[in-house]
Amino acid sequence: MKIVLISGLSGSGKSVALRQMEDSGYFCVDNLPLEMLPALVSYHIERADETELAVSVDVRSGIDIGQAREQIAYLRGLGHRVEVLFVEAEESVLVRRFSETRRGHPLSNQDMTLLESLKKEREWLFPLKEIAYCIDTSKMNAQQLRHAVRQWLKVERTGLLVILESFGFKYGVPNNADFMFDMRSLPNPYYDPELRPYTGMDKPVWDYLDGQPLVQEMVDDIEKFLTHWLPRLEDESRSYVTVAIGCTGGQHRSVYVVEKLARRLKGRYELLIRHRQAQNLPSR
């Protein structure tokens, strides 16, 4: 049976993610105490219910991170496929969301401010984030988060999932990257008026960057680095690795390099491609 644990920071969109799981056909349970998870799985099996499970766990349920990882290992040992989805956002965004909704943080009390509560929650959940697929919702609305969850669900993962993500430095760096590479030293198609309207997925930009030796050297070096280190991470039983590729605006060079690496790594790893600035790319 496939079991998805959804966790993350309060205010980051866990409820939206759980609703998308329900819309995708999962049997969903919100705020389940972890010690009850094996009983829920057993009950589900006894009912001969083939519906996949999605369970939200967070600080409201008094989550013990050590226990969470033990429960995951236990269920995997029984043959279940257990995935972890972690939803997060930047601190300033979370503060704004709490201000807009006027809701209190689950850890807030007279002795702890909202910022202190957010910091404590982030530190508390970090060990769970380490083994999870992470979605940063800082620049997402609910519809975009739902789309990101649907894209993740489409990936049939049997081994290490490598997330290749392009981004623009001027919009901020992703905070969940395991490896980050900077493409700003490469020739920039943006300065060619004929190429500016295109993106790194379009043939004119591909033809231009394919003809740049420095670009090809960079792609070769990144591929060599990943080929060397990804097997080591896989040996450590890592489930997900995020490789972030950045350029100035996230339109040309980073998109091209991500697409190029995807072609080279295809067949060796399960891949998920994310273009972080997709909503900012020109439409033609």
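Cβ coordinates come from backbone N, Cα and C, glycine included.
Feature annotations, courtesy of Swiss-Prot:
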BINDING   G8, L9, S10, G11, S12, G13, K14, S15  ATP binding site
BINDING   D58, V59, R60, S61  GTP binding site
So how many other Cβ atoms are close to K14 (ATP binding site), meaning within 10 Å of its Cβ? 24
So of S10, S12, S15, which of the binding-site residues has the fewest other Cβ atoms within 10 Å around its own Cβ? S15
Give me the CA-CA distance between G11 (ATP binding site) and D58 (GTP binding site), in Å, as a whole number. 11
Based on DSSP, name the secondary structure state of S12 (ATP binding site): helix, strand or coil. coil
Can you list, in sequence order, the residues of the same chain other than G8, L9, S10, G11, S12, G13, K14, S15 whose CB lies within 8 Å of the CB centroid of the ATP site? D58, V87, E88, A89, T137
If you count Cβ atoms within 10 Å of the Cβ of G11 (ATP binding site), leaving out that atom itself, what do you get? 25
Spatial neighbours of D58 (GTP binding site) among the binding-site residues G8, L9, G13, using Cα within 10 Å, are G8, L9
Whole-number answer please: how many Å between the C-alpha atoms of L9 (ATP binding site) and V59 (GTP binding site)? 9
Could you check the binding-site residues L9, V59 and say which one's CB has the fewest neighbouring CB atoms inside 10 Å? V59
